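According to Swiss-Prot, the protein carries these features:
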- 1-25: region 'Disordered' (REGION)
- 29-52: repeat 'LRR 1' (REPEAT)
- 53-75: repeat 'LRR 2' (REPEAT)
- 77-99: repeat 'LRR 3' (REPEAT)
- 100-122: repeat 'LRR 4' (REPEAT)
- 124-146: repeat 'LRR 5' (REPEAT)
- 147-169: repeat 'LRR 6' (REPEAT)
- 171-192: repeat 'LRR 7' (REPEAT)
- 195-217: repeat 'LRR 8' (REPEAT)
- 218-241: repeat 'LRR 9' (REPEAT)
- 243-263: repeat 'LRR 10' (REPEAT)
- 264-271: motif 'GVYW' (MOTIF)
């Protein structure tokens, strides 16, 4: 094939059809074998005669593939990174569960409506990227087996909920579920003790509240809940002492009041802590007290490029931060969202 020959001349493939480069994701202990067939305008995979058992990185991205044969996946006994983003895939082969060494899977930019249940058998998986698809649900038991998963990115889909087993992904550090149709977040979020970044922005009219457990995410540093329909933040967020970046722009937020929000994270935490210590908040605190962890005071910094409203607005993403009082239209906001601007093959926003 002309494209493959060109890749060989540029050093992407050695004469056996493998690359001798090293992938940044892995420890540079052993030479990795990369088979790069990206950007070759393939509608189907050719017959591969080389030993796929030696391949550790397989890149099939940016083609027109509508399917991947079960037989090919089953031969990838040592693959660590599998990249099939930006194709026309409507499903993944069930044999993907055979990839016991797989650490990074990227299926973004396809036409997937679901992921096979066998994906939970990829117990070494550390990163799962499934953005810009047609996903309406994730496997219910996904989190029960993927104990090594550190990053889950499922933005720009049609998800109404995340699986309840999400709370079992105890190694998770980053969860990106923006631009979906989430009605609520799963129970047991407080179990995600290592979670540092949570993005559930742009679920528009569907997401109306955050669970109390959000305030028990002891490692959380970044939280984006912008462009939803949230009127009040849970009092427990006063306990997020490590939180350094926060955005709630585009919500009809009334608690905390906007004048408190504009004073910065310290003021917002103080307000929510005061609420938690009195009235109904006091009873909630007693119920959750065994799970709370005390930290020393954290002084956050402003995010570069953002406007400081008051001297103590550290960490808040304050650009155009205001209560919309129910005026914001999800259809209008979606016109400006990354779903419309950056989706590889969608010219109109999805409807849930």
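Heads up, the Cβ atoms here are built off N, Cα and C, so glycines get one too.
Residue counts for the repeat 'LRR 2' (53-75) under DSSP, split into helix (H, G, I), strand (E, B) and coil, are 7 helix, 3 strand, 13 coil.
Sequence-distant contacts of the repeat 'LRR 7' (171-192), counting only residues of its own chain at least 6 positions beyond either end whose CB sits under 8 Å from a CB of the stretch, comprise 131, 147-164, 198-203, 206-211, 213-214, 216-217, 219, 224, 288, 291, 337-339, 352. Sequence-distant contacts of the repeat 'LRR 2' (53-75) (same chain, six or more residues past either end, CB-CB distance under 8 Å): 18-19, 23, 26, 32-45, 81-96, 98-99, 106.
Only residues 6 or more beyond the boundaries of the repeat 'LRR 4' (100-122), in the same chain, are considered here, and those with a CB under 8 A from a CB of the stretch are 25-26, 61, 77-94, 128-139, 141-142, 144-146, 153, 343-345.
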